[in-house]
Amino acid sequence: MDRISITLGERSYAIIIANGLLQDPTSFWPLARGDKVLVVTSNYIASLYLEILSQILTELGIIIDLCILPDGEQYKSLAMIDKIFTALLKKYHNNDTTIIAFGGGVIGDLAGFAAANYLRGVRIIQIPTTLLSQVDSSVGGKTAVNHPLGKNMIGTIYQPTSVIIDPNCLATLPRRELSSGLAEVIKYGILFDVNFFNWLELNIDALLGLEPHTVTWCIRRCCEIKAKIVTADEHEKGVRTLLNLGHTYGHAIETHMGYGNWLHGEAVAVGIMIVVQVSCSLGYFSNVDTERVKTLLLRAGLPVIGPMKISLEDYLPYIMRDKKTTNGILHIILPLKLGSAEVHTYRISEWQKLIAHLI
């Protein structure tokens with residue numbers, strides 16, 4: 001069992017990683033006999049794993065209520081938050097309750113947002129079931145819902161009590177979702193760890209084949225990187241900003257194409273290629289490494305070119321609303337070389353010229 005700590009004073013918590021954790025009663029600290037929980041999950045995950053989770057919680061003497069939501073990014077909305085609140089209120093959950101987020105990134109965001117706001121904050125345990133949520137979104141406390149005009153526009157940072165990662169859950173993950181998660185994995189190598197990027201080049205086929213040791217090691221390495229970043233910069237005022245690599249255009253694609261039509265990792269992969277190519281054209285990122293990034297993304301089953309139906313002008317409203325834009329100045333994350341990146345600032349008009357040939 002791997003245990004990674006995020007040290008944030010009284011909000012510190014552990015990420016626990018091991019195959020079979022879902023059936024290990026010692027995983028569910030700090031729950032105790034007689035505690036009350038609301039399990040928030042999706043139809044798909046409920047059909048596969050809810051019986052297993054319910055059985056272990058029942059054996060621990062935990063009182064379980066359920067809130068089962070539809071699957072898909074299009075449901076990451078305030079309407080679903082209201083459903084969670086209603087489930088909590090109807091069953092008389094008070095401020096010592098615990099919400100369990102049992103699912104992928106959408107469920108983690110919804111449950112986390114609800115936990116942050118219900119009775120001004122209740123405990124939440126994250127049990128991520130997709131690669132993307134295991135390596136990224138379940139760690140660090142970011143929670144948000146979408147708005148028709150932009151992704152993740154309504155949210156907060158609210159740390160979980162613990163994160164329980166069972167890589168066995170990936171056995172039922174659709175291949176497209178697995179590839180989507182690999183975009184965030186590759187992002188870590190580009191940003192912070194050239195040796196990890198090199199390792200990914202050697203092991204991408206084993207990851208796609210869900211080779212157990214390889215997958216578990218990969219998840220652990222990603223969580224180690226994310227934990228270090230979050231511990232240093234919880235509220236994204238410094239180094240944590242770098243984790244937004246590729247997300248400005250990624251979020252624009254997801255929103256413009258309709259939530260759920262492009263998966264998050266697919267859109268981020270395109271966003272990564274845009275900034276890598278810009279960095280190369282500016283003389284930072286080498287041609288050789290640009291091709292390495294492109295090749296690895298393609299091998300992971302990810303797109304490297306955005307949808308043809310989005311024009312340069314179509315992107316503009318999303319860029320103007322992006323959290324990294326202030327007073328017409330876009331703060332963009334540019335990789336300088338494999339394992340290193342920094343934030344550069346451009347007027348939106350200047351940036352549009354830089355990427356015109358890439359859209």
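Placement of Cβ uses the backbone N, Cα and C atoms for every residue, glycine included.
Of the listed candidates (HIS213, HIS247), Swiss-Prot assigns HIS247 to the same Zn(2+) site as GLU184, HIS264. Between the CA atoms of THR130 (NAD(+) binding site) and GLU184 (Zn(2+) binding site) there is a gap of 12 Å, rounded to the nearest whole number. Apart from GLU184, HIS247, HIS264, the Zn(2+) site neighbourhood in this chain, defined by C-beta within 8 angstroms of the site C-beta centre, holds LEU132, ASP136, ALA183, LYS187, GLY246, GLY250, GLY265, ALA267, VAL268.
With respect to their backbone Cα atoms, ASP71 (NAD(+) binding site) and HIS264 (Zn(2+) binding site) stand 14 Å from each other. Counting only same-chain residues six or more apart in sequence, the Cβ atoms lying under 8 angstroms from the Cβ of CYS169 (NAD(+) binding site) belong to LEU22, TYR49, PRO128, THR129, THR130.
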